[in-house]
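Features of the protein shown, as given by TrEMBL:
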{"type": "TRANSMEM", "residues": "5-23", "note": "transmembrane segment"}
{"type": "TRANSMEM", "residues": "81-100", "note": "transmembrane segment"}
{"type": "TRANSMEM", "residues": "120-141", "note": "transmembrane segment"}
{"type": "TRANSMEM", "residues": "161-190", "note": "transmembrane segment"}
């Protein structure tokens, strides 16, 4: 449950973090591939993201980038994935709240520490994999979430792909899993601190009981 919440939060943040794309326009020299200004590229990108993020927007029409039926169909499928992620975020958020209450009531923080440790290692492995072989992972991602090849855009019919280079998607993946790593490390540190505090409190109680017991014995003797 926590894994779903952390992953969905990271995805939601990443897909809405427009500054990453704005930086990439210059970093990846995206304006060199189209006869459109940076300002217009950003405008078209925002229109696309509004369509993908807003359930009440049902039509996609970018002023400077026409789309084929295949292209529109793929964006529709991406929109469904976005909506699904938001549903997971809401459900996992509620589930995580009650799960953490259960952890607290049963004092299972040590088990939570193991989860965070494993998660930190796993997400770090994914980040390394992205850096080493993003093309293979990107292909695997599309094969896993799409049962067609509509995601293979033809620049002649769907020029939008010219302003959405693979490197930009790699940066998105790195940002998402980087956030996952940060959240897991934060969770580990907070849980470790909580475990330490509980341990110290337990020791104080034991000392208090021992002192009280010794006082009781001393009173009886006197």
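Using N, Cα and C of the backbone, Cβ positions are placed for all residues, glycine too.
Note that this is a predicted model, so its numbers are computed, not measured.
Spatially, the transmembrane segment (161-190) is adjacent to the transmembrane segment (5-23); three or more Cβ-Cβ distances between them are under 8 Å for residues at least 6 apart in sequence.
Through the fold, the transmembrane segment (81-100) approaches residues 1-2, 4-5, 8-9, 11-12, 15, 52-53, 55, 145 of its own chain, all at least 6 residues removed from its boundaries and within a Cβ separation under 8 Å.
Non-local neighbours of the transmembrane segment (120-141) in the same chain are 166, 169-170, 173-174, 177-178, 180-181, 184-185, 188; each lies 6+ residues outside the stretch with a CB under 8 Å from one of its CB atoms.
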